[in-house]
Amino acid sequence: MLDLPFLPFCVLLGGLGFVCVAFASAWCQHWRGGFAWDGSAQMFNWHPVLMVTGMVVLYGAAALVYRLPPAWSGPKLPWKVLHGTLALVAFGLAVLGLVAVFRFHNHNGTPNMYSLHSWLGLATILLFSCQWLAGFSAFLLPWAPTWLRALYKPVHVFFGSTILMLSVASCMSGINEKLFFSLKNGTMEYKRLPAEAVFANTLGLLILLFGVLVLGALARPSWKRPDADSPDSCQPLLAAER
């Protein structure tokens with residue numbers, strides 16, 4: 001990765017995340033008929049927007065909270081709360097995205113959970129829910145012993161990156177699946193690369209770039225909190241308040 005200071009990198013990454021959400025919204029608004037919450041195809045359009053916003057952009061932001069220089073010193077509790085809150089908001093948006101797609105399918109008599117995209121997406125959401133609950137129990141509640149928190153921490157970090165990769169893969173497979181379904185009976189088939197296909201393919205590449213940059217930032221040693229492995233970094237919520 002380029003030798004770029006972390007804060008300018010965050011600005012660039014934030015701009016890229018905004019572009020990802022804007023592209024998803026523009027795709028659904030311009031080519032797919034806009035948005036509604038009535039079981040129609042316009043309700044389905046909430047699904048890609050909410051998933052990109054929650055499971056990619058907000059999730060990536062939550063993963064990078066501890067890389068912020070202000071988080072390197074002082075109490076870690078506020079950053080734990082921010083990390084958990086961003087992840088929880090991301091999960092809430094993902095649940096709404098699932099509601100949108102399931103309600104659309106049920107309203108139109110379309111089977112659920114038959115494609116690889118649906119399996120991968122649901123597995124990602126379920127893993128994310130387990131990750132959040134385990135992280136909350138281990139790092140923000142007082143009953144987990146210090147040795148258990150220290151033991152679980154690398155597992156939490158590993159699955160955090162894994163979930164982000166699964167989210168990116170789910171979004172890219174979903175974009176591809178939607179284009180195949182939407183353009184196969186249209187005047188311009190997907191293989192002819194109409195403007196919608198170019199736009200949505202570009203969205204997929206932007207999402208991939210966002211995920212790669214987040215994973216690169218997480219892997220960069222110089223951007224990690226200096227005391228990340230110290231015993232007090234595992235301080236639980238109630239103990240930190242004493």
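Glycine is no exception: its Cβ is also placed from the backbone N, Cα and C atoms.
Here's what TrEMBL has on this protein:
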type	residues	note
DOMAIN	12-219	domain 'Cytochrome b561'
REGION	223-242	region 'Disordered'
TRANSMEM	6-28	transmembrane segment
TRANSMEM	49-69	transmembrane segment
TRANSMEM	81-104	transmembrane segment
TRANSMEM	116-143	transmembrane segment
TRANSMEM	155-176	transmembrane segment
TRANSMEM	197-219	transmembrane segment
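Counting Cβ pairs closer than 8 Å to the transmembrane segment (116-143), the top stretch among 6-28, 49-69, 81-104, 155-176, 197-219 is 155-176. The transmembrane segment (155-176) makes no contact with the transmembrane segment (81-104): fewer than 3 of their CB pairs lie within 8 A, with pairs spaced 6 or more apart in sequence. Remote same-chain residues near the transmembrane segment (6-28) are listed as 34-35, 45-46, 48-49, 52-53, 56-57, 60-61, 64, 67-69, 196, 199-200, 202-203, 206-207, 209-210, 213-214, 217, 223 (criterion: CB distance under 8 Å, separation of at least six residues from the stretch ends). With a cut-off of 8 Å between Cβ atoms, the residues of this chain six or more beyond the transmembrane segment (197-219) that come close are 1, 6, 9, 13, 16-17, 19-20, 23-24, 26-27, 31, 52, 56-57, 60, 63-64, 67, 157, 160-161, 164-165, 167-168, 171-172, 175-176, 178-179, 183, 190. Across the residues of the domain 'Cytochrome b561' (12-219), the predicted structure has a mean pLDDT of 95.
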